[in-house]
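Here is what TrEMBL says about this protein:
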- 21-380: domain 'Acyltransferase 3' (DOMAIN)
- 25-46: transmembrane segment (TRANSMEM)
- 69-86: transmembrane segment (TRANSMEM)
- 98-115: transmembrane segment (TRANSMEM)
- 163-187: transmembrane segment (TRANSMEM)
- 199-218: transmembrane segment (TRANSMEM)
- 230-247: transmembrane segment (TRANSMEM)
- 259-281: transmembrane segment (TRANSMEM)
- 301-319: transmembrane segment (TRANSMEM)
- 331-351: transmembrane segment (TRANSMEM)
- 357-380: transmembrane segment (TRANSMEM)
Amino acid sequence: MTMTTTNPVPSTLSASSQRLPFLDWVRVGAFGLLILYHVGMFYVTWDWHVKSQHVGPALEPLMLLSNPWRLSLLFLISGVATRYMADRMGPGELARSRLPRLGIPLLFVMAVLVVPQPYYEVVEKIQYAEGFLAFYGQYLSFHQGFCRGDDCLILPTWNHMWFVAYLLLYTVILSLILVAGGGRAMIRLGQGAWTRRPWMVLLGPMLILVGLRLALYDRFPVTHNLVWDWYNHAVSFGMFLLGYAIARNADLFDRVAAMRWSTLVWALLAWGAYVYCWSLWTFHDHDLPVDGDILRLIARTAYGVQQWTMILVVLGFARRHCNRSTPLLRYLSVGVFPFYIIHQTLIVVAGHNLSPLALPVAVESLLIIILTVAGCFATYELARRSRLLGPLLGVR
């Protein structure tokens, strides 16, 4: 029974003279991809909160195109945004400003907005029939009895808000690092010789990500359990610190832009290898033509290669083509956080209630996307106009 899924960056970059608008475009675009990805989770065979009647593996290769890197990219962009904030305030002020900015929405969503997700999950998976209000009472009382065998739903849950919880933790740790004088070392790393050598820009982080996948993933698969998610922490916190370190290195981003076509080739080859492994596990699980250990080695290596090269691809093409700030970008940059807060609940509610209509898959999925996007904008506009809801939804 799934407890969590995925995220975005709840803050805009500094308005300083060194601001790089393409990074805001990346953040907004990554969130748009996130909506599509979570709609896709309604249709694939992987475990998720609710499922369509049209479940099948057909969409899964396309999902694997973004699966390895989308959250790592968002943590990197979060580190960039945090660097811009840290440059204009002390470490203590940074932590004090982020605690309410991230913590208040996190608590509000866990107490209120996320609740329909586990409710519809138990309705679909264990045929819960006592109604939403009865479930909400059990949710608030920390009821732990919603189980399928040994797989139990942990309540309350943060589901997709795990990203915000982790980001809050990483920001506090970074503030302590800055207090201890570690900020200069990170900045030197972000301006180091490796950033001036394209082959090191490509291979350095890539090999680290491959090594982490091979060394940690077996023992610590991704769970979004804050105290036992060490592979996820190693990757996510590492990308967050890397974003902080390279935030003002415009020359590095220019090199990444120059590498964009070659890194795209790397990324597509790695994706192809990863999909090949997926296809064997999906369709030939009981008669694998390749030794299982070798197949895992190939898959995890391909995952790490794709993880970094796709980040370079996105940053490179955005640096080349998306360098202008616009009123739309400024509007969406503030809206990304409330969009993130509400989007998954909207998808779950829309998907669960549309599925019994037995609509064609194209119609059903399009309706879910339209309802989700409309609900995101409505939530954002409501938060902008409400002094009460603004802080709860991350706008003020």
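Quick reminder: no glycine exception, Cβ is built from N, Cα and C everywhere.
Across all of the domain 'Acyltransferase 3' (21-380), the predicted model scores a mean pLDDT of 96. Note: the stretches the transmembrane segment (301-319) and the transmembrane segment (357-380) are not in contact (fewer than 3 CB pairs below 8 A, sequence gap of 6 or more).
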